[in-house]
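Here's what TrEMBL has on this protein:
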COMPBIAS  9-24  compositional bias 'Acidic residues'
COMPBIAS  579-593  compositional bias 'Polar residues'
DOMAIN    36-221  domain 'DH'
DOMAIN    262-460  domain 'BAR'
DOMAIN    515-578  domain 'SH3'
DOMAIN    616-679  domain 'SH3'
REGION    1-26  region 'Disordered'
REGION    578-609  region 'Disordered'
């Protein structure tokens with residue numbers, strides 16, 4: 001009887017054991033998931049701390065060490081990009097993650113909140129770095145090919161971070177790219193080990209989606225930047241290169257775009273309107289126009305200022321050692337040698353160089369704006385085709401995506417670019433205004449100092465102008481007296497003398513070489529005192545070669561004296577026009593009075609040439625050879641036939657052909673077929689009165 005209850009109790013014991021085993025199996029997975037979750041959180045925080053430490057080494061040690069070397073061929077900005085911004089954001093982000101450790105039960109929720117708070121900042125700094133990462137790798141690759149730079153980089157790595165074993169900068173440069181792509185994975189690992197019933201599960205899901213979206217936005221921004229980099233480069237192609245690019249496809253594409261543009265202007269098809277972009281482009285074009293106008297005005301301003309300071313009395317020997325003239329000479333020397341060079345140097349450094357840099361910055365966006373218009377025309381054409389046919393090719397889809405990428409990039413970047421360009425332009429204008437004020441103040445200060453030393457510096461203005469007027473009248477009277485005295489001592493003008501046969505041959509030789517309008521007559525004896533100067537007798541005939549000497553002095557002319565060539569004073573030459581002896585019925589030019597002739601004899605070298613006389617010239621042009629016309633524009637000649645030269649060149653300015661009149665017929669003949677000969681008259685040559 002006693003054994004029956006024992007038998008009945010045995011199944012109950014077995015059930016209890018099975019229940020305990022099931023409970024243990026359920027508790028073990030929960031503890032394992034919680035452990036994995038805790039390890040994933042620790043991995044997130046510890047790897048973030050290690051990442052921040054490496055970025056700090058990259059910025060404070062490696063980059064600083066390379067900066068001290070001052071290697072001219074090392075582009076540190078291109079290598080490290082905006083690493084400082086990434087470090088600043090990452091340090092704050094790490095502090096917030098570490099602070100979540102104090103929230104035991106709410107740590108996962110706090111971590112999710114931290115990622116949500118930092119997602120915009122992370123996207124901003126990491127998209128810039130990732131977009132320039134390819135360029136940094138190209139720089140690293142180029143430095144590998146330079147033994148000197150590679151040696152300096154390895155020496156820096158061994159001196160600053162020997163424990164890392166890094167053999168290249170790419171070891172550190174890739175870290176930000178790897179880190180931003182790892183955030184969704186780390187969050188996903190935490191999410192996998194979080195029960196769906198946990199209160200933090202939805203927040204973790206939102207954090208994973210947020211960081212995945214950040215990476216997607218970074219990739220899209222990088223793609224847009226690659227498209228922009230492809231199209232915003234200004235290409236300087238020769239005409240041959242442009243023709244080499246032409247093919248059937250490119251010609252068809254340009255024709256389609258041009259047709260589409262004409263249809264827009266004619267109102268046949270509507271334009272794709274984008275108010276936001278249109279406003280941004282208008283502001284951008286305004287900046288471009290302002291920069292171009294400022295560059296032109298600045299060049300004009302410098303030219304006018306330099307022309308204003310062009311007179312250099314300090315370089316002339318005034319033979320006055322004191323008085324106002326000497327003071328003005330000293331003041332002009334101060335302006336030329338001190339004030340203007342300093343102003344020009346400051347203007348170049350503070351205005352011209354920044355303005356040129358700003359102008360260069362505008363080239364890329366200008367190219368992108370032009371390319372957007374081309375792609376917009378393609379986009380509209382493809383959209384019409386898509387609406388008609390229902391589908392497009394792969395290349396057409398790529399063209400549409402290219403337009404969307406360029407448009408999105410411009411809409412995102414132009415506001416910041418316009419703002420930065422306007423700020424820089426405003427600073428340049430302010431610098432220009434400040435420099436002008438400083439220049440005016442400096443000149444005024446120096447002028448006041450010089451004015452105080454002048455005897456009339458404190459004289460009232462009306463009295464000063466009265467003194468100036470009296471002084472000018474007195475000087476005018478002295479000048480008239482001098483002219484009258486000068487007329488009495490000036491040698492008599494060259495009188496007309498017959499030329500002997502030798503002189504006639506020399507004159508004919510000069511005329512055949514240089515033409516009759518280049519002949520000049522010596523008005524008084526010239527004695528050469530310098531190298532290359534000629535000694536000539538009064539009345540001698542010469543031909544003008546150049547109205548300036550080798551130093552730019554217009555008072556010394558280079559002449560041909562019928563054999564020797566050299567320089568003579570321009571004031572001792574007067575134009576020579578050979579004339580014939582007066583014959584009955586022939587009109588002679590009215591002779592000037594002796595006073596006028598003397599004045600003309602000593603006129604400035606720039607004096608106008610005398611008017612052509614109405615008498616028959618002493619020379620005439622004849623055909624040296626026969627010529628047969630080959631077109632309606634030409635005229636035939638016979639050897640020895642007189643001609644009248646109407647124009648010594650053709651319509652294009654070429655002197656190989658001359659327009660002539662032959663017996664009333666006009667046409668072109670070769671200039672080499674024409675010769676100048678003296679008129680065969682019984683009277684000989686004579687000098688002008």
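Even glycines carry a Cβ here, placed using N, Cα and C.
If you take every residue in the domain 'SH3' (616-679) and average the pLDDT, you get 83. Secondary structure by DSSP for the domain 'SH3' (616-679): 3 helix, 31 strand, 30 coil.
Taking DSSP states H, G and I as helix and E and B as strand, the domain 'SH3' (515-578) has 6 helix, 26 strand, 32 coil.
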